[in-house]
Amino acid sequence: MKFAGEVGFVCSSVFVDAMKGLLRYDQLEAWQRDNPLITSGYRPLFRSYLGCVRSIAGWHNESVNIWTHLFGATITVLTVFYLLLDLSPAGSLTHGRQGWRAPIAGIPYPFPNDAQPSVTWADTVGFAFFLLSASVCLGFSAFFHTFLAHSQEVAVAWNRLDYVGIVVLISGTFVPLVHYGFFCDPHLRNTYVALIYTFAAATMAVIVSPKARTPEFRRIRTWLFIALGLSAVFPVGHAVLRYGLEGASAAISLTWLTLGGALYIVGALLYAERVPERFSPGSFDLLLSSHQIFHVLILLAAWAHWSAITEGFRYWHGERGGTCPAFVVTT
């Protein structure tokens with residue numbers, strides 16, 4: 001019992017030390033107040049980029065938000081460099097689709113090459129859209145949460161970019177998925193890409209407005225993002241009607257696609273409804289708040305969609321050899 005007490009004292013001391021110099025919600029300036037259910041752990045305003053960057057090494061209520069998306073952005077950027085500099089096409093398609101192993105399977109080589117004659121620059125563009133959009137979204141998010149403690153002007157600017165990044169990720173994910181969903185119908189592929197970016201532009205125009213960035217607009221803002229994501233129902237539903245459930249599932253891995261969408265929606269709803277801190281204000285100030293859970297689920301959703309994209313690539317170029325038509329058109 002004495003040992004347990006000593007451990008508890010040490011843990012308490014660690015959290016007390018971590019909270020030194022941090023502010024309570026009621027000590028914040030009016031423009032900083034967003035979630036009253038997170039009652040403590042706020043950094044003071046540094047009014048310095050260097051001060052904000054140094055705070056990354058500390059422990060506060062933005063630490064998990066910063067580190068999760070900084071990690072995700074780093075991984076996606078490294079993947080881009082890996083593809084550009086080091087990866088060989090050898091073995092990229094040897095085993096076809098990987099099923100449940102897709103998230104940990106090797107990275108396909110999406111560049112035209114002699115070993116994979118069916119691969120075209122359309123594949124390259126699809127992979128580029130996803131990886132670059134993920135890098136932008138996660139990078140903007142990490143920077144926003146880092147520089148939130150700079151000043152009102154800087155926080156507002158990065159907040160706007162944070163929302164823009166979400167739209168960029170959602171629309172950028174569509175490009176390779178629609179490419180593989182309508183691999184043999186480039187006209188339909190291009191039509192859906194154009195429609196998706198029209199929806200994305202409209203969403204972006206709304207969410208960058210000053211009113212849309214206020215806490216009162218949180219639920220509406222969340223549902224705008226969800227609606228943009230759910231616009232995938234149209235191309236996916238069309239692919240299922242056109243090629244049948246089995247054919248569409250093979251082309252775009254509906255399992256991974258659906259899982260990714262579900263993770264995004266669950267995370268967004270937790271964020272909008274401020275769960276779990278709604279049930280115990282102050283208990284989740286530093287760890288497991290709704291925004292932190294949302295960040296983790298975004299990473300998992302992006303990973304699931306990466307799996308769907310790579311499975312589509314392996315199907316068309318590994319199992320099909322790029323041949324069309326792959327399915328019997330039903331409608």
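Note that Cβ sites are derived from N, Cα and C of the backbone, with glycine treated the same way.
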Among HIS60, HIS145, which residue does TrEMBL annotate as binding Zn(2+) at the site that also has HIS291, HIS295?
HIS145
How about the transmembrane segment (127-149) with the transmembrane segment (284-306) - do they touch, taking at least 3 C-beta pairs under 8 Å (6 or more apart in sequence) as contact?
yes
Where else in the chain does the transmembrane segment (284-306) make close Cβ contacts, counting only residues six or more beyond its ends and a cut-off under 8 Å?
15, 18, 35, 37-41, 59-61, 63-65, 68-69, 71-72, 103, 130, 134, 138, 141, 169, 173, 177, 256-257, 259-261, 263-264, 266-268, 270-271, 273-278
Pick out which of the binding-site residues HIS145, HIS291, HIS295 has the most other Cβ atoms within 10 Å of its own Cβ.
HIS145
State the three-class DSSP label for HIS295 (Zn(2+) binding site), counting H, G and I as helix, E and B as strand, and everything else as coil.
helix
